[in-house]
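If you look up TrEMBL, you'll see Arg19, Arg41, Asp182, Leu183, Asn184, Arg188, Ser189, Asn200, Ile201 marked as ATP binding site.
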Amino acid sequence: MSDIEIPESHPRYQSLLTRHRIEEGVEKGITSRQGLIAQGRGEAFDYLLGERTIPSADEAARAAAAHLLLADRPVISVNGNVAALCPGEIVDLAAAVDADIEVNLFNRTDERMRAIADHLRDHGADEVKGLTADGRIPGIDHERAKVDADGIGSADVVVVPLEDGDRAEALGAMDKVEIVVDLNPMSRSARVATVPIVDNIMRAVPNIAAHARDLRDAGATREELEAIVAEFDAAEALEAAERAIRSGSDE
Ligand code: ATP
Ligand code: MG
């Protein structure tokens with residue numbers, strides 16, 4: 001048994017655990033009610049993918065790890081769904097690649113910003129950015145544009161799991177390397193990403209961290225990391241994911 005009263009052998013265990021965490025996130029004021037809808041949409045795609053990391057998503061996670069290791073100022077953006085689903089895994093990824101964590105909400109309220117920052121600290125984060133909000137993403141309306149100037153504002157690589165399409169587009173226009181985790185390969189967020197990872201964040205975040213540690217332990221040089229980055233083809237990864245969803249096979 002884990003944090004819910006369902007045996008791990010239950011065929012829907014992962015999915016039920018995920019729902020439970022999102023529900024709890026809403027109760028704690030971390031996740032918005034809109035987040036429940038986003039979760040439902042994600043689940044449908046995950047079901048069609050077979051609730052597994054497809055090979056192209058694993059390659060994308062490795063390319064993401066290489067980008068993060070090469071970065072000068074990597075930042076991981078966290079919203080209410082991400083905080084509810086995998087707070088400890090986010091803190092671990094930040095440690096693995098020496099990245100900052102920034103709370104970044106579509107429906108921003110001070111209360112929810114603080115609840116998420118506290119929740120991340122409870123899971124081991126030392127510093128959580130996003131509350132200063134002294135920077136702006138150009139091209140989107142005021143409330144949704146708020147970021148920390150020394151966080152996402154000046155980051156060279158950003159990880160944005162489940163980002164809204166508009167903001168993903170605006171961040172991309174700021175010349176940042178954008179790593180998007182999104183189960184829908186047709187979502188605008190996935191389409192504008194430098195590296196789209198079509199996978200559940202509960203699998204993708206620990207997978208990026210594992211790749212980063214493997215690359216570092218293997219002593220990968222800058223040149224080797226740059227080669228991994230250069231070899232990755234975002235359009236091909238999206239096509240492979242769409243094929244897997246439509247046909248149920250990786251071929
Ligand atoms: P678009 O990107 O086309 O503008 P949208 O961003 O408005 O669409 P939403 O439903 O608001 O669409 O966004 C939620 C996105 O997050 C969906 O694409 C959904 O597949 C994805 N998603 C939800 N839960 C998860 C999860 N646990 N892991 C990965 N992706 C998820
Ligand atoms: Mg989207």
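Every residue, even glycine, has its Cβ placed from backbone N, Cα and C.
Because the structure is a prediction, the values reported are computed rather than measured.
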Subject >> Listed binding-site residues with Cβ under 6 Å from ligand 1, out of Arg19, Asp182, Asn184, Ser189 >> reply: Asp182, Asn184, Ser189
**OP:** Anything from the binding-site residues Arg19, Asn184, Ser189, Ile201 with its Cβ under 6 A from ligand 2? List those in sequence order.
**Re:** Ser189
**OP:** Please report the DSSP secondary structure of Asn184 (ATP binding site), reduced to three states.
**Re:** coil
Original post:
Roughly how wide, in whole Å, is the group Arg19, Arg41, Asp182, Leu183, Asn184, Arg188, Ser189, Asn200, Ile201 that binds ATP, by largest Cα to Cα distance?
Top reply: 24
Subject >> Local Cβ density at Arg19 (ATP binding site) - other Cβ atoms counted within 10 Å >> reply: 16
Original post:
Reduced to three states, what secondary structure does DSSP give Arg19 (ATP binding site)?
Top reply: helix
